[in-house]
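Only one structure is covered here, and it is reproduced in the block below.
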Amino acid sequence: MPVQCSNCVQRRAVLKRPKTGHSLCKDCFFWAFEEEIHQTIVSAGLFNRGETVAIGASGGKDSTVLAHVMKVLNERYDYGLNLLLLSVDEGITGYRDDSLETVKRNQQQYELPLKIVSYEELYGWTMDAIVKQVGLKNNCTFCGVFRRQALDRGAMMLKVDKICTGHNADDVAETVLMNVLRGDIARLRRCTAISTASEGEGAIPRCKPLKYAYEKEIVLYAYFKKLDYFSTECIYSPNAYRGHARAFLKDLESIRPSSIIDVIHSGETLSVKDGVKMPVQGTCSRCGYISSQALCKSCVLLEGLNRGLPKLGIGKHHRLHGKILAQEPLTEQEEKKLKAVDF
Ligand code: SF4
Ligand code: ZN
């Protein structure tokens, strides 16, 4: 016998909400999903009327759903926001070039302006070239650090007030687990924040309107709305460690769906005991971007690439920052250590 929607009690249910277990029809699911995001936005005070907001758009399901829902809510509740799409082209042939085609279609479908910034224009390196030099082990470190800065730089070019990204509840919970596993207290404290207030010069406030949206529901929403998104994995995606955290979380979710929110909640309520040293945010002496060291991670990684010493930015080599800034050569021993022998 067909199951009735538990909300409207009129139409047939087409799905069981992964988050709540409720059987809902399509329209009631859309409404519930969008309303929860609206509640997240309103209760955290993410935006102010009149602001220009860049939506970080990769063409993937999360950012496509984010762009769609932001547009719907901006109109439905008259947020008064000026929305636009901002994409980063990492220079990954066979992956990003295709996903950017999706973003370009989204631009037309949602009638939003689009800006694409590329690693090549910003750093002089594509991910294809970086992988050739560093191999497939630490490539995501380069990519992640460069992407973060590239989004900021693109946002600055566009003079936006805020950036919003498609990080969902699963991503946040996974990051909490990763930071616990690594004992990274500073990141653990930051990673559950729904928005970063301006962290200083060179950083534009970011927020995550999908912070409480389950990945499974994002997929369902995109599917039933027939949104146009790109679902292929990056060809350079090794990230085995994160993969384990992800698999572990999925296992937990299958036993108890609230696990995802529970992990986020744990991350949010953890407090750091007195006396734990936290990094102090300053600015990079080379590019002016936020950094807790003399040089930001991005400048160190780039220096390593340009000098053919890719390990320079992997691990901690803070004591070399002075030499790099003074453009002094490294000793033979230092060079040997930083070459990519066992990379
Ligand atoms: Fe970049 Fe790694 Fe993500 Fe690929 S998987 S886009 S290399 S961070
Ligand atoms: Zn820098």
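Even glycines carry a Cβ here, placed using N, Cα and C.
Any TrEMBL annotation is an automated prediction that lacks curation.
According to TrEMBL, the protein carries these features:
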type    : residues                                          : note
DOMAIN  : 53-233                                            : domain 'tRNA(Ile)-lysidine/2-thiocytidine synthase N-terminal'
BINDING : Gly56, Ala57, Ser58, Asp62, Val88, Gly166, Asp171 : ATP binding site
DOMAIN  : 282-312                                           : domain 'Cytoplasmic tRNA 2-thiolation protein 1 C-terminal'
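Sequence features, as recorded in TrEMBL, placed on the structure.
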{"residue": "Gly56", "record": "ATP binding site", "Cβ within 10 Å": "22"}
{"residue": "Ala57", "record": "ATP binding site", "Cβ within 10 Å": "30"}
{"residue": "Ser58", "record": "ATP binding site", "Cβ within 10 Å": "22"}
{"residue": "Asp62", "record": "ATP binding site", "Cβ within 10 Å": "24"}
{"residue": "Val88", "record": "ATP binding site", "Cβ within 10 Å": "25"}
{"residue": "Gly166", "record": "ATP binding site", "Cβ within 10 Å": "23"}
{"residue": "Asp171", "record": "ATP binding site", "Cβ within 10 Å": "19"}
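Same-chain neighbours of the domain 'Cytoplasmic tRNA 2-thiolation protein 1 C-terminal' (282-312): 123-125, 130, 133-134, 138, 141-142, 145-146, 148-149, 152, 199-203, 318, 320-322, 324-325, 330, 335, 337-340, 343, counting only residues six or more beyond its ends whose CB sits under 8 Å from a CB of the stretch.
Confidence over the domain 'Cytoplasmic tRNA 2-thiolation protein 1 C-terminal' (282-312), given as mean pLDDT on the 0 to 100 scale, stands at 87. In the domain 'Cytoplasmic tRNA 2-thiolation protein 1 C-terminal' (282-312), the DSSP tally of helix, strand and coil residues is 13 helix, 4 strand, 14 coil. Spread of the ATP binding residues is 19 Å (greatest Cα-Cα distance among Gly56, Ala57, Ser58, Asp62, Val88, Gly166, Asp171).
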